[in-house]
Amino acid sequence: MSPTLMFVLLLCGVAAESIRETETMDPTSMLEYESSGSFPDEVFDDDEIDEDDDYAIDEDDEDYSGSGTDKFDIDDNDEDEEEEETATLGNQIPELDFDQTKTGRKIETNEIDNEIWSPTKPKILEPSNEISMASTGSEGFFQRTEVIVAIVAGTLVGLVVAISFIVFLVIRRNQNGDLVKKPIYKKTSTMEV
């Protein structure tokens, strides 16, 4: 095989991979999305200036900045305002009957109860369809199909490159005659002796 054929095959593999990548991404749909706060150009025109003011400025409003540091008139007639009395709940702590357990059963002070008593039957928990966030993060890296496909594709491309490199070296050495076994020295003929 010629090196150009190997290069063409490698180029076809790379092109096929890039075509697959562009099939998954639709560039026209990406242009439809606008970022948060962006408006089309037709909504706001900076050239138009409203000539008529719909609001009036009071002189009282100019005195106050809203920061609370300006001087303003305080009415001294605070007594006229009705003050609402707050209802206090008090600081009484309800006394609990310590002879009763959580179940409401009364226990005698001399009674020793070694029996574990449950007020209701245990509930049978049905498995939920909800996926907890902890279980989604525990998915292994190699369990994702995209990762496995990428590893297989990378391995195949690497294998093709390695095979083409070896074939290229064999062809080149064969052309130079390096692969033919040549003796290190020539035997002299016995007639000369």
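Placed from the backbone N, Cα and C atoms, the Cβ positions cover glycine too.
For reference, Swiss-Prot has these:
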SIGNAL    1-16  signal peptide
TOPO_DOM  17-150  topological domain 'Extracellular'
CARBOHYD  SER36  O-linked glycosylation site
COMPBIAS  42-64  compositional bias 'Acidic residues'
CARBOHYD  SER65  O-linked glycosylation site
CARBOHYD  SER67  O-linked glycosylation site
COMPBIAS  73-86  compositional bias 'Acidic residues'
TRANSMEM  151-171  transmembrane segment
Which bits of the chain, at least 6 residues beyond where the signal peptide (1-16) starts or stops, bring a Cβ under 8 A of a Cβ in it?
156-157, 160-161, 164, 167-168, 171
Which whole number is the mean pLDDT over the topological domain 'Extracellular' (17-150)?
60
